[in-house]
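A short worksheet on the structure shown next.
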Amino acid sequence: MKVWHRIFEIYVRASIHVALAVLAFLFLTCLFLNIPAERSLFFFVFFSTIPTYNLIKHLTENRRQFFGILSMNRSHLILSLGSLVISAYFVVDLRWQTLVAILCLSLLTAVYAMPVLPRGKNLRNVGILKIFIIGGVWSGVTVVLPVLEASSLNSWDVWVEFTQRFLVILVLMVPFEIRDLSTDPSDMLTIPQRLGDRKTKKLGMLACLIFFLLTFVKDELSEVEILSKAIMVISLTALLVFLPKRQPRYFASFWVEAFPIFWVTVLWGLSAWV
């Protein structure tokens, strides 16, 4: 049991789980927008997500210690360095437009994680701005990158999908924001700190409603897409309604981050059934 527990901890804490979640969102974009799933982009996104998230977590836990990265957990460090090498191998196959977008998203991520503000603070310490940066980066990686790689950016449906993805990311952040309510500095002014957890949940439910309604303004729409997004809205709303204030250890970092993977599973099931 200890071995399996150790494997599970590495899987979650070394950011393999979140990398699979990003990959699931990438796959959903390709299905909903009917664009090819470019192999090089998928491999690059998966393997670059692991070191990126591990570095962000390291900088969050060890302020002003960017050059002390070698103090990171050894297994996480080895996995991160190996993933970085593999991602570098696949990045050379991407279109230059995609590379420019990756550079912009990387710079935004760096500004978010590194201490660029006074007293060693970063943009993660600015509550409202933090959620917009996270939502923008995740939406950019999982919607804009595959679209650029497929040369299909000039489409109304792309921007609808981008907006919907942004809203979903914001909703999925609610459990994390409420979980961190007791540990975040009072001057961080996150949404739960401003509104309280109940109003934050209601705001998340409103975002779910807007997300679903936006589905019907797309130019191309399938029955499977409508059903899958309806199931996701119901699931996300249920998550918010029954969200515990004191969450189990891996509730947010495993179960909440598994939502995109669950969405892909639902989509596959519906595709076989409808």
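The backbone N, Cα and C atoms fix where each Cβ goes, and this holds for glycine too.
Those TrEMBL annotations? Automatic predictions, nothing curated.
Features as listed in TrEMBL:
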TRANSMEM  12-34  transmembrane segment
TRANSMEM  40-56  transmembrane segment
TRANSMEM  76-92  transmembrane segment
TRANSMEM  98-117  transmembrane segment
TRANSMEM  129-150  transmembrane segment
TRANSMEM  162-182  transmembrane segment
TRANSMEM  203-218  transmembrane segment
TRANSMEM  224-243  transmembrane segment
TRANSMEM  250-270  transmembrane segment
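As a quick check, the transmembrane segment (98-117) and the transmembrane segment (224-243) miss the bar of 3 or more Cβ pairs under 8 A, pairs 6 or more apart, so the two do not touch.
Counted over residue pairs 6 or more apart, the CB atoms of the transmembrane segment (250-270) and the transmembrane segment (162-182) come under 8 Å in at least three pairs, which marks the two as touching.
Remote same-chain residues near the transmembrane segment (224-243) are listed as 31-32, 164, 168, 171-172, 174-175, 178, 201, 204-205, 208-209, 211-212, 215, 256, 259, 262-263, 266-267, 270-271, 274 (criterion: CB distance under 8 Å, separation of at least six residues from the stretch ends). Counting Cβ pairs closer than 8 Å and at least 6 residues apart in sequence, the transmembrane segment (76-92) and the transmembrane segment (12-34) reach three or more and so form a contact. Note on the transmembrane segment (162-182): residues 25, 29, 131, 134-136, 138-139, 142-144, 190-193, 197, 200-201, 204, 207-208, 210-211, 214-215, 229, 232, 236, 239-240, 243, 245, 247, 251-252, 256-257, 259 of its chain, located 6 or more positions outside it, place their CB under 8 angstroms from a CB of the stretch.
Sequence-distant contacts of the transmembrane segment (40-56) (same chain, at least 6 residues past either end, Cβ-Cβ under 8 Å): 14-16, 18-20, 22-23, 26-27, 69, 72, 76-77, 79-81, 83-84, 86-87, 90-91, 93-94, 98, 109, 112-113, 141-142, 145-146, 149.
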